[in-house]
Structure formats: structure tokens, C-alpha cells
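A quick write-up on the structure given underneath.
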Amino acid sequence: MFHRIEEALEDLKQGKVIIVCDDKNRENEGDFLALAEYITPETINFMITHGRGLVCVPLPEHYAKRLQLEPMVSQNTDSHHTAFTVSIDHISTTTGISAHERATTVRELLNPSSKGSDFNRPGHIFPLIAKDGGVLRRAGHTEAAVDLAKLCGTEPVGVICEIIKEDGTMARVPDLIQVAKQFDIKMITIEDLIAYRRHHETFVTKEVEITLPTEFGTFHAIGYTNSLDQKEHIALIKGDVSTDEPVLVRVHSECLTGDVFGSCRCDCGPQLHAALTQIEREGRGVLLYMRQEGRGIGLLNKLRAYKLQEEGLDTVEANEKLGFPADLRDYGIGAQILKDLGLQKLRLLTNNPRKIAGLQGYELEIVERVPLQMPTKQENKTYLQTKVTKLGHLLNL
């Protein structure tokens, strides 16, 4: 049904059109997408004939500034905040509406010598300003077009057109599948593009290294930042972990209430202390402390979830009541830090199969799962039972 991002990139590099939709939900809509660098009148004509939507040109903000493309409106009230600029035609065109003249306008947007005065306003091409960070910041077709152009190594500008059915209604995923088959077009999702970028790009930066004496032992501490959400993480390292021998690793998500205040609602604090103790005892290992409070929902939302648990919900139901998944954590940043430290083979201290799968997806080999089970307390018995029954944690209760 859907194609791999690599397949779509190959077609785009050949000047072909692809279809991009938000995700695999059958109610989502789709756009035709092509690279502006390879645009032709034939491609424009295909889009307006079979797509029937508005032909838009997603581009980075610095292109818009260079060409003096001001926002279409001073106050954007669009529900998706699509960043339309004023519409344009190149001054060499006549009416600007034909496929040939629209292709000319697109090509002239890429001309490095073009300036704002080279375009008439309004016109028949609709530039869109993509957010910096692309689909990792805004999961829209605008950002997808610019990201795909960058991944293809061309000018970071795309051409998109919404796909509308012959009866005038929006084409949904089942309709898009038929269109893709009819014209032998690759179809991808923005969801998969996000995953592709997370997997293939590096977002972590090593910022500072210190020696950190603790009550558990002395560790080499390295602080990291990441460009996705600007959160700061820290790795505590014991011994030489750059060899080929498997390394004992604990990826620990921040829990202020458990780690610092000793909350009995969870087993986070005891797990943290036990992991540091075990790493110190073995003389070699890594504890990666990730700022993912409350399984990724943040401190205040975790407290709100606790409040709902006091009213009878379990930890998963509380998250869902607040509008969050049961577990919002993404292990990609943690995996990149571990790879930056030179790790390849891990003996992972965890009870969570999802954590194993999350790290293995980033080419880290988990050679052994090392259980990290703490004594059950009356206050956290229900919490731990829910982790077993609903989150699949491997605990003997």
C-alpha cells in the first residue's frame, strides 16, 4: 500500500511525482508532490488535471525573504496555520495560468538572480513557507516537500497539489491508493518521513564532560543537548565502554518524584540506585539519564495523572484520560547518545520490552536483558501490575 521513503526519493530524483499523505489513517487526505528543480509544464498539467487542487510551492523562509514574499494575511486563522505568502506570477508570463507559465514561475523562484520585483502579485502560484526543522517541527505537506527536496540533494523547494475526486470531494486513503496504482506513483506518509529522518539524522551534541563523585562511586559524566526539543540529557559512564565487549546499560527516564523525593507510587528511585550500584560493582557500564518525565508527558501532567489514579484510574487509563498515549517516550535520542559513546552491543538493564525494541531499531544490538526488579510496596502494587498487564513489562509479582 505505502512505499518506503527510499523508493520515493529515487522517483523524485528522476523528476517523477509521488503522493504524500499524513499517515495510514484511511480518512487522511493526500497531495501530489514533485521537486521544483525538475518541474515541467507536463508535471504541472498532470497535477491540475488529476489532482484538481491548488498548485503550491513550499520553500524555506530565507527564500521568501530574498524574494520579498510577504504573508498572504497579517493574521493567520487557518486551523493548520498553513503559511501562504502572496500569490505570484513571473513577469515574463502573460496571464500566468497555463501549465507552461506556472512551470516558468516555479523555475524562476529557484533562479538565484531573481528578486522580488521579478514577480507580479497576485498570481497563480502559491508559495508556502516551511517551518525550520521540517516535519520534525510541523507534520505538514509544506514541510514534507522541503524535507524531501533536501534529502534528494536539490534546491529545498517543492511543488504540491491537493488530490480531489471527480465528484469534487477530497480523495481519502482508499482513493489515493487507486490513484497511485492507476498512474504507477509511489505513495508515502509524513509519519514515515518523520521516522526516516529520526533514524538517519543526528540530533545530539556533546556539550560538557566532568568527573562526578557520587555515593555509588565515581563516574565520568557527559552532558548532551538535542536539537529536536532542546532537552538536556546526561550519561554516567564507568570504565572503558568503547571496546567490542557488551556494555551494561541502563536507560533511565527522569522521575523527580521517585528519584529525588523517594515517592512510593513507583519504583523509579530504587531502580536508579540499583542500576548505579550494579554498574559500579561491575566496573564498566553506562547509565543514561533521559529527561522524559512521566513517560514523556512532563511533571505537571504526571501529577494530574496521579490525581486521576487517586480517583480510581490506573496509570494507563490516566494518561489516556489526559489525551496522551500510555507511553510517549521515544528512544531515538537515547540511542544516538549511546552510539556517540561508541556502544554497539548492550546488556540492557530493563523490564520493558518496548525499550529493547526502541533501541534495536537504531542498530544497537541487545545481547542480553538484565532484569531490574525492585521489591513491591503497597503503594505501587497496582501501578506495577498495570505495567505488566497493559504495558507488557516483564516482572514477577
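Just so you know, glycine gets a Cβ as well, placed from its N, Cα and C.
Annotation source Swiss-Prot lists region 'DHBP synthase' at 1-199. Residues or ranges marked as D-ribulose 5-phosphate binding site in Swiss-Prot (evidence: sequence analysis): ARG26, GLU27, ASP31, ARG138, ALA139, GLY140, HIS141, THR142, GLU162. Feature annotation from Swiss-Prot assigns Mg(2+) 2 binding site to GLU27, HIS141; the stated evidence is sequence analysis. Residues annotated as Mg(2+) 1 binding site in Swiss-Prot: GLU27. Here Swiss-Prot flags HIS124, GLU162 as site 'Essential for DHBP synthase activity', drawing on sequence analysis. If you look up Swiss-Prot, you'll see 200-397 marked as region 'GTP cyclohydrolase II'. Swiss-Prot lists ARG250, VAL251, HIS252, SER253, GLU254, GLN271, GLU293, GLY294, ARG295, THR315, THR350, LYS355 with the feature GTP binding site. Residues annotated as Zn(2+) binding site in Swiss-Prot: CYS255, CYS266, CYS268. Marked as active site, proton acceptor by Swiss-Prot on the basis of sequence analysis: ASP327. As annotated by Swiss-Prot, active site, nucleophile applies to ARG329.
Structure coloured by features recorded in Swiss-Prot.
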residue	record	Cβ contacts under 8 Å, 6 or more apart
ASP31	D-ribulose 5-phosphate binding site	ILE19, VAL20, CYS21, GLY51, GLY53, HIS141, ILE160, CYS161, GLU162, ILE163
ALA139	D-ribulose 5-phosphate binding site	ASP22, ILE190, GLU191, ILE194
ARG250	GTP binding site	GLN271, ALA275, ILE279, GLY285, VAL286, LEU287, LEU288, LEU348, LEU349, THR350, LEU372
HIS252	GTP binding site	CYS268, GLN271, LEU272, ALA275, LEU287, LEU288, TYR289, MET290
CYS255	Zn(2+) binding site	SER263, CYS266, CYS268, GLY269, LEU272, GLU293, GLY294
ARG295	GTP binding site	SER253, ASN319, ALA326, ASP327, LEU328, ARG329
Practice task
Work out how many Å separate GLU254 (GTP binding site) and HIS124 (site 'Essential for DHBP synthase activity') at their Cα atoms, rounded off.
Solution key: 51
Exercise for the section: Could you tell me which of these recorded positions, HIS124, HIS141, has the fewest other Cβ atoms within 10 Å of its Cβ? Expected result: HIS124
Practice task
Using all protein chains in view, find how many other C-beta atoms are within 10 Å of the C-beta of CYS268 (Zn(2+) binding site).
Solution key: 21
Completion exercise
Note on Zn(2+): the CB centroid of CYS255, CYS266, CYS268 has further same-chain residues inside 8 Å, namely THR257, GLY258, ASP259, SER263, ARG265, ASP267, GLY269, GLN271
Practice task
Could you tally the C-beta atoms, other than its own, that fall within 10 angstroms of the C-beta of THR350 (GTP binding site)?
Solution key: 23
Fill in the blank from the handout: When pLDDT is averaged across the region 'GTP cyclohydrolase II' (200-397), the result is 91
